[in-house]
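Taken straight from TrEMBL:
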| type | residues | note |
| --- | --- | --- |
| DOMAIN | 29-452 | domain 'Ammonium transporter AmtB-like' |
| TRANSMEM | 29-50 | transmembrane segment |
| TRANSMEM | 62-81 | transmembrane segment |
| TRANSMEM | 138-158 | transmembrane segment |
| TRANSMEM | 165-190 | transmembrane segment |
| TRANSMEM | 202-220 | transmembrane segment |
| TRANSMEM | 232-252 | transmembrane segment |
| TRANSMEM | 264-283 | transmembrane segment |
| TRANSMEM | 295-313 | transmembrane segment |
| TRANSMEM | 319-340 | transmembrane segment |
| TRANSMEM | 352-374 | transmembrane segment |
| TRANSMEM | 405-430 | transmembrane segment |
Amino acid sequence: MASSPLPVAYQAWTSLAVPDWLNKGDNTWQMVSATLVGIQSMPGLVILYGSIVKKKWAVNSAFMALYAFAAVIICWVTWAYKMSFGEQLLPFWGKAGPALGQKFLINQAGLPATAHYFHDGQVETSEATPFYPMATMVWFQCVFAAISVVILAGSVLARMSFKAWMMFVPLWLTFSYTIGAFSLWGGGFLFQWGVMDYSGGYVIHLSSGIAGFTAAYWVGPRSKKDRERFPPNNVLLTLAGAGLLWLGWAGFNGGDPYSANTDSSMAVLNTNICAATSLLVWTWLDVIYFKKPSVIGAVQGMITGLVCITPGAGLVQGWAAIVMGVLSGSVPWYTMMVLGKKFTIFQKVDDTLAVFHTHAVAGLLGGILTGLFAEPTLSSLFLPVTNSKGGVYGGSGGVQILKQIVGALFIIGWNIVATSIICVVVGFCVPLRMTEEELLIGDDAVHGEEAYALWGDGERLSLYKDDTTRQGVLASSGATQVV
């Protein structure tokens, strides 16, 4: 009896479903990496934001992250992907266009502006063409864009109007994120010059940290009462969100070689080495200076380590990852705990979750250290510019540090200007800041919902089955119904 033919989807190299250029291992790892990065935002940062803030802001903080994640996806596939990774329009920007049709999405992935040429016009490194479809590339880059906006939200929690946030998200994605992404990753002028940003130390963390601090300036501070006392409403859930963030970073850094190769393995290992070192150093500093180990401090140290290694995850050796971890656990600690209390600007600008210190400072630090420690062989596995190396390896390596500084200055300058313009424009349309009543009440006033439906926060509940008038009635004041 003749066997039935295989469905088209399973016929290797004989159909459009499995073309000869498709590497199933690369495609699998890239989609897994994208999922891990997506989990960092939702539920990772949704949980972390919702639990690290004061109880009355739990819903609003979590919802700002959730909304940003959803909004970016639609904007990304409609116009923003090609602005970041499409044909060049300007040296720092790609041509806008949709990434929705099957003729585009099922073809082999390719970043058209990434070919690199010698001064005489000969090809130095050809266009990046990973061995999986464009659909995989579009989704992988989408979750990076989404987490950038979610990180930014951490600077303006507990006072930015939700309507203003709804307008801010697509505008910042379009006029800020796409600029950094194309310039450094998509084939723009910083990419062509050889600035190193392995997985987003500049594109994601430096940009969101600077933009968040800038937006916090324009939105204004939290209420005086919230600034004076802002305890986490659930430290254990904060740790759960942080755990998702840490382990999700395997996709964040491990997916950026665009292949399941040796460089991705190096990136994942270095990521964990640096994060662990940074967490320990931050904790030791807390114990030495404040006499107590802080759980929230440990989370901040973990984040600064993850951020610092990101621009060089697959470019540095393991010993360099430890050095970077020591510095990422101490330099941002110093800027936050010491300089943050001395400099007027840090007192005036209310950066709710200290995103400037944990992401901007750590991202800048990591970018410069990458220019110092980038190993020549590892650099050749990733960069389009041949013979690239860090300063400690001599020769032309010192120039790399200069490149890293110039790249950082571009990202910083662009985000200050673009974010300021966006905030002013949004402010003309809707108030950037919540009303005084909303600032006083919190989630119940803004969303009509509360995070914890506990007795005493909603309905009146009798301790007796058939009597709500006797003693023992629990009073409440919120809107959540007790079922």
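Using the three backbone atoms N, Cα and C, a Cβ is placed for every residue, glycine included.
When Cβ distances are compared across the two stretches, the transmembrane segment (319-340) makes contact with the transmembrane segment (264-283), since 3 or more pairs at least 6 residues apart fall below 8 angstroms.
Between the transmembrane segment (232-252) and the listed ranges 165-190, 264-283, 295-313, 352-374, the one holding the most Cβ pairs under 8 Å is 295-313. Three or more CB pairs closer than 8 A are found between the transmembrane segment (29-50) and the transmembrane segment (138-158), so contact between the two stretches is assigned (pairs 6 or more residues apart). The transmembrane segment (202-220) makes no contact with the transmembrane segment (62-81): fewer than 3 of their CB pairs lie within 8 A, with pairs spaced 6 or more apart in sequence. Of the Cβ pairs linking the transmembrane segment (264-283) with the transmembrane segment (138-158) and spaced 6 or more residues apart, fewer than 3 are under 8 Å, so the two regions do not touch.
The list of residues near the transmembrane segment (352-374) in space but at least 6 beyond its ends in sequence, with Cβ under 8 angstroms from a Cβ of it, reads 49, 52-53, 151-152, 154-158, 196-198, 201-202, 204-206, 208-210, 212-213, 216, 222, 230, 300, 303-305, 307-312, 315-317, 320, 323-324, 327-328, 331-332, 335-336, 340, 388-393, 397, 400-405, 407-408, 412.
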